[in-house]
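Undergrad: After the structure tokens below, expect a handful of questions from me.
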Amino acid sequence: LFSRFNSAKPRKSPPCTSLHEIAPPPQKSYLQQIASLCKNGQLQQAVGLLTAMESDNFRPGSGIYGELLQGCVLGRALFTGQQIHARILKSGELIAKNEFIETKLVILYAKCDVPEVAIQLFRRLGTQSVFSWAAIIGLLCRVGPNEEALLGFCEMLKNGVFPDNFVLPNALKACGALQLIGFARGLHGYVLKMGFDGCVFVGSSLVDTYGKCDEVEDARKVFDGMLQRNTIAWNSMVTGYVRSGHNDEAMQLFYDMRVEGVEQTRVTLSSFLSASANLGAVEEGQQAHALAILDGLELDNILGSSIINFYAKVGLLKEAELVFRNMFEKDVVTWNLLVCGYVQNGEFQKALDMCRLMRSENMRFDSVTLTSILSLCGDTMNLKLGREGHCYCIRNNLESDLAVASSTISMYAKCKRISSAIQVFKSTTQRDLVVWNSLLAAYAELSLSGEALKLFYQMQLVGVPPNVISYNSVILAFLRNGQVDEAKDMFLQMQTLDVLPNVVTWTTLISGLAQNGFGYDAILIFRQMLEAGTQPNIVSIVSALSACTTLALLQYGRTIHGYITRHDLCLSVPVATSLVDMYGKCGCICEAKNVFDLVGNKELPVYNAMISGYASHGLAVEALSLFEHMEDVGIEPDSITFTCILSACNHAGLVSEGLELLSDMVTKHGLKPSMEHYGCVVSLLSKSGNLDKAMELLRTMENEPDAHILVSLLASCKEKHEIELGEYLSVQLLQLEPDNSGNYVALSNVYATAGKWKVVSEVRNVMKEKGLYKNPGCSWIQVGQELNVFVAGDVSHPKSEEIYATLALLGMEMHFMGYAPLIS
């Protein structure tokens, strides 16, 4: 296309050309009056003057008709323009076939968005000038299709008409809409070659086009190279940053814009509000809202919708409602934003009420509304309402909309109706990648790894290449089904095929490996994630810390804590809770307390983790003190809190405190004790020798005691030589867990304490007949990246002789220092 300029002699085009340069000299007196009236927006008076001229038998020339048509263009007065067109036709071919008038008519119909007439008149032109081409290409950019606009641009070049500073912005706009970066770069080259780079309108269009093509670096180069920047250029750059996810840069550019005194428009503030919403920058977004008020900007659909979107995304729904009520005109987009905001913030009833209000206001649901409603139904597992939404889609011919189809599939999957999800998928004839991924995610949701893998290969057979989201779903399906090796293989496969893992991929692997008991592998994947330059999110950090906690890998836990500190990642409640829990379970209660103290707004999960840490370290006094402080600051405990605090009382033997807490749990806080709560108190009473009180508490329970409670009572029977009660409890225990070797061992211990060795032997023989063996307790220690596990009397370690020799020396040293080592 652009090779034509190498051979043809370029015409020297001025920066700004005017159609009046080719107009014939008109009758001056009437012409000046009509031109003045048209420029001042007094079009009807100008037409009246034309009528007066004709009544005086004065024949208007092309100049007068040209001014009248220009007035119609400025006022977008199509009807008046058609009347003038009729007068031109009546006046004869001398005027009607005038090149100047014919071009003006093309411009009129093009500016008034009447493509059929404009294109028909354009094709009849004897000479298609740059002005007529500019009008037609601009028309096609507005009403579409943009492809036709670019084809017209190419035809213009082919006919030897050189685009000017009015045509180029429209061509660039079409490139941006179609994201044709190659074509846009060619236009940029033409701009530089023809000297249009100094035109602010062309420069602004280049910035906008590069931004829409996600080439923000090139957009910034053009922006920085502009000698003069108007508001449009600034807006295009800010919008480009937001579109490409560079929200910090967008906000900084907005501040620069303010410093330079450039006026902000609705578009500027809308883009800034989007950046604020994406970053969760509440204060900055509120300042933008304040600027809109101070500048007296009306809450129209664009600005009002942007403010509602911001408040909804940051969870300030009351403010969003206030803005919504103050808007004079609300379109379906505005309603959808508030409905979507309610759904995303879990305000499902308000979302439904808003939908009912929409219907009462005669607003029709569109695909976005239905997508939000179906998402709500999936999150609440409201199958009845979901089916009603699906029926509405069918009745209103929305079921073919791909976004609606995807949401319907997801809704049925979350409601455990996979057959209905498959049916919707099969009825969607034109399936894009999103629809395929929706069914893949549905299979993953229900742990159907086989079906997910089959669909994964099926989509490739029909020519739909999977993306990173497709791989994520298959990996999740494998991990939820416990197929760790298959998940790892799929992860390697995607990397081999140059599909880059995103943060969701890494997080899915880390959390899935940790939940399947592969904690060390989860930590290694977390390290690979950091090496790949992917910043972890809250879920991946919490999952990695969970793996450290499970395996007591203190060294790796500290490393992750260091990463959080170095990268200024805020101590959110999930991260802080995981750190406190990790340090507490790894034996570093002081470090757990340090993290706890650093948390500004402490919520219940952080308190629970700290109380649990105190409990596991036997620090019951500290646990009770923190529990009382938590109540004093107005934080209501939950069932987990009582499990932790009762466990602390159990470890420390605080009987009265434990009984009082169990009573307060019901009377003061209105919580129903679970088996775990009863188990803590029963164990507490049993250990303190209050077997009668323990049995009395059992009788008050609504359900039968579980195995853990019976085991704690049985252990107490051993200490108190309660053989008869021990036998009774053993019968109950063996009925609950007949294949648990620990139950037989506990029963034999009761008989052994009573000296009934014959019965002990019989119990051991029953164990042998059943093939049951006592699971030995084990300890472990990490040296470097290797985890060393030991059981009692273990000699399997290659350095067992050195280990036992060191252990003996430690025993002797403890003996000399006056300690009695508990070594058997």
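Going from the start of the chain as shown, residues are counted 1 onward.
Glycine residues also receive a Cβ, built from the backbone N, Cα and C atoms like all the rest.
When I checked TrEMBL for this same protein, it listed these features:
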REPEAT    26-60  repeat 'PPR'
REPEAT    129-163  repeat 'PPR'
REPEAT    230-264  repeat 'PPR'
REPEAT    331-365  repeat 'PPR'
REPEAT    432-466  repeat 'PPR'
REPEAT    467-501  repeat 'PPR'
REPEAT    502-536  repeat 'PPR'
REPEAT    603-637  repeat 'PPR'
REPEAT    638-673  repeat 'PPR'
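Could you tell me the structural context for the features on the list?
TA: Remote same-chain partners of the repeat 'PPR' (26-60), defined as residues 6 or more beyond its termini with a Cβ less than 8 Å from a stretch Cβ, comprise 66-68, 70-72, 74-75, 77, 80, 83-84, 87, 91.
Summarised as a single figure, the pLDDT of the repeat 'PPR' (129-163) averages 90.
Here the repeat 'PPR' (331-365) has Cβ contacts under 8 Å with residues 301, 304-305, 308-309, 311-313, 315, 317, 320-321, 324, 372-373, 375-376, 379-380, 385, 392, 396 of the same chain, all six or more residues outside its ends.
Remote same-chain partners of the repeat 'PPR' (432-466), defined as residues 6 or more beyond its termini with a Cβ less than 8 Å from a stretch Cβ, comprise 402-403, 405-407, 409-410, 412-414, 416, 418, 421-422, 425, 473-474, 476-478, 480-481, 483, 486, 499.
Under 8 Å from some Cβ of the repeat 'PPR' (467-501) lie the Cβ atoms of residues 433, 436-437, 440-441, 443-444, 447-449, 452-453, 456, 459, 508-509, 512-513, 515-516, 518, 521, 532, 534, all in the same chain and six or more residues away from its ends.
Nonlocal intrachain contacts for the repeat 'PPR' (502-536), taken as residues 6+ away from its ends with a CB within less than 8 angstroms of a stretch CB, comprise 468-469, 471-472, 475-476, 478-480, 482, 484, 487-488, 491, 494, 543-544, 546-548, 550-551, 553, 556, 560, 563, 567, 787.
With a threshold of 8 Å between CB atoms, the same-chain residues lying at least 6 positions outside the repeat 'PPR' (603-637) that come near it are 573-574, 576-578, 580-581, 583-585, 587, 589, 592-593, 596, 644-645, 647-649, 651-652, 654, 657, 669, 671.
With a cut-off of 8 Å between Cβ atoms, the residues of this chain six or more beyond the repeat 'PPR' (638-673) that come close are 604, 607-608, 611-612, 614-616, 618-621, 623-624, 627, 630, 680-681, 683-685, 687-688, 690.
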Undergrad: For the repeat 'PPR' (467-501), jot down how many residues DSSP puts in helix, in strand and in coil.
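TA: Taking the repeat 'PPR' (467-501) as a whole: 26 helix, 0 strand, 9 coil.
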Undergrad: Give the residue counts of the repeat 'PPR' (26-60) per reduced DSSP state, in the order helix, strand, coil.
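TA: Summed by class, the stretch gives 25 helix, 0 strand, 10 coil.
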